[in-house]
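Peer 1: Pulled from Swiss-Prot, these are the listed features:
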BINDING   Asn9, Arg20, Gly190, Gly211, His212  3-amino-2-oxopropyl phosphate binding site
BINDING   Asp11, His12, Arg47, His52, Thr102  1-deoxy-D-xylulose 5-phosphate binding site
ACT_SITE  His45  active site, proton acceptor
ACT_SITE  Glu72  active site, proton acceptor
SITE      Glu153  site 'Transition state stabilizer'
ACT_SITE  His189  active site, proton donor
Amino acid sequence: MSSIALGVNIDHIATLRNARNTEYPDLVEIANIAVNNGADFITVHLREDRRHIRDSDVFRLKDNLNVPLNLEIAAIDEMLAIAIAVQPECVCLVPEKRQELTTEGGLDVKNMFTYLMPFITQLHNHNIKVTLFVEPDINQINYAKKLSVDNIELHTGVYCNHNTQNELNRILEAAKHCYTNKIECHAGHGLDYQSAATIARVPYISALNIGHFLICEAVLHGIGTSIYKMKKVITNPL
């Protein structure tokens, strides 16, 4: 099988930093360690409440990375302006609720279609690729196709929480549907070594986004070691 890309989300490095409002750990330093150990791109989620990643983090990462920056944002005007100023290689549009601990599900592309169209057009006009974070649902992918997005990221959280064949089948079918419609397919949310190995075997998925689990593993084994192991797991799944 072809090599699958690993995106490392470093949001919770910022969570650790912000716990004491210090300047350490430094996100750029951590991002470079991630890249040196197999990360193909770096992902950060700039939330409306700035609970972890700050505006300045995004600009610093863009200026200091030698791999693509994948910026996750809510589809609101404030974030659009920041994305255009930063010029990340890719923006991933995600749903966002202030009270949630983490992103709880995919975008409802069907109901947001009219709103998303000019938003995506503006990003494309600034040569920024666009990903939509969606449930593994054929109907949602069909609407995403009409928006001419570059990528779909399939929400793997339900599969990771319940590990059912039915949910895995949904991911398989959604990835195949992306391929049929010439949309690059990524996946992420809740992945650990075991679930990432399974999802990495799904045909037509070209990249995985993994964050919280890797940061937790880093507490025990170090960030470099944890990312190196994950890259090995997903590129050589049994």
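Any Cβ shown, glycine's included, is placed from N, Cα and C.
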Peer 1: Rank the recorded positions Asp11, Glu72, Glu153 by how many other Cβ atoms lie within 10 Å of each Cβ and give me the one with the fewest.
Peer 2: Asp11
Peer 1: Do you see any of the recorded positions Asp11, His12, Arg47, His52, Glu72, His189 whose C-alpha is within 10 Å of His212 (3-amino-2-oxopropyl phosphate binding site), and which ones?
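Peer 2: Final answer, ordered: Asp11, His12, His189.
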Peer 1: Rank aside, I only need the closest one: which of the recorded positions His45, Glu72, Gly190 has its C-alpha nearest to that of Asp11 (1-deoxy-D-xylulose 5-phosphate binding site)?
Peer 2: His45
Peer 1: How big is the Cα-to-Cα gap, in Å, between Arg20 (3-amino-2-oxopropyl phosphate binding site) and Arg47 (1-deoxy-D-xylulose 5-phosphate binding site)?
Peer 2: 19
Peer 1: For the recorded positions His12, His45, His212, which one has its C-beta crowded by the most other C-beta atoms within 10 angstroms?
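Peer 2: In terms of Cβ crowding, the pick is His45.
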Peer 1: Quick check: of the recorded positions listed here (Glu72, Glu153, His189), which one has the Cα closest to that of Gly211 (3-amino-2-oxopropyl phosphate binding site)?
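Peer 2: Of the recorded positions Glu72, Glu153, His189, His189 has its Cα closest to that of Gly211 (3-amino-2-oxopropyl phosphate binding site).
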Peer 1: Reported as an integer number of Å, what is the Cα distance between Asn9 (3-amino-2-oxopropyl phosphate binding site) and Arg47 (1-deoxy-D-xylulose 5-phosphate binding site)?
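Peer 2: With the alpha carbons as reference points, the distance is 13 Å.
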Peer 1: Relative to the Cβ position of Gly211 (3-amino-2-oxopropyl phosphate binding site), how many further Cβ atoms are located within 10 Å?
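Peer 2: Summing over all protein chains shown, Gly211 (3-amino-2-oxopropyl phosphate binding site) has 22 other Cβ atoms within 10 Å.
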Peer 1: Taking just the CA atoms, what is the gap between His52 (1-deoxy-D-xylulose 5-phosphate binding site) and His45 (active site, proton acceptor) in Å?
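Peer 2: That separation, Cα to Cα, works out to 8 Å.
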Peer 1: Given Arg47 (1-deoxy-D-xylulose 5-phosphate binding site) and Glu72 (active site, proton acceptor), what distance in Å do their CA atoms have, once rounded to a whole number?
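Peer 2: It is 8 Å, counting Cα to Cα.
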Peer 1: Just to be sure I understand: of Glu72, Glu153, Gly190, which recorded positions have a C-alpha no more than 10 angstroms from the C-alpha of His45 (active site, proton acceptor)?
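Peer 2: So the list reads Glu72.
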Peer 1: Tell me the Cβ neighbour count for His52 (1-deoxy-D-xylulose 5-phosphate binding site), meaning other Cβ atoms within 10 Å of its Cβ, over all protein chains shown.
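Peer 2: Counting Cβ neighbours of His52 (1-deoxy-D-xylulose 5-phosphate binding site) within 10 Å gives 20.
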Peer 1: Where among the binding-site residues Asn9, Arg20, Arg47, Gly190 do you find the Cβ with the fewest other Cβ atoms within 10 Å?
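Peer 2: Ranked by other Cβ atoms within 10 Å, the binding-site residues Asn9, Arg20, Arg47, Gly190 bottom out at Arg20.
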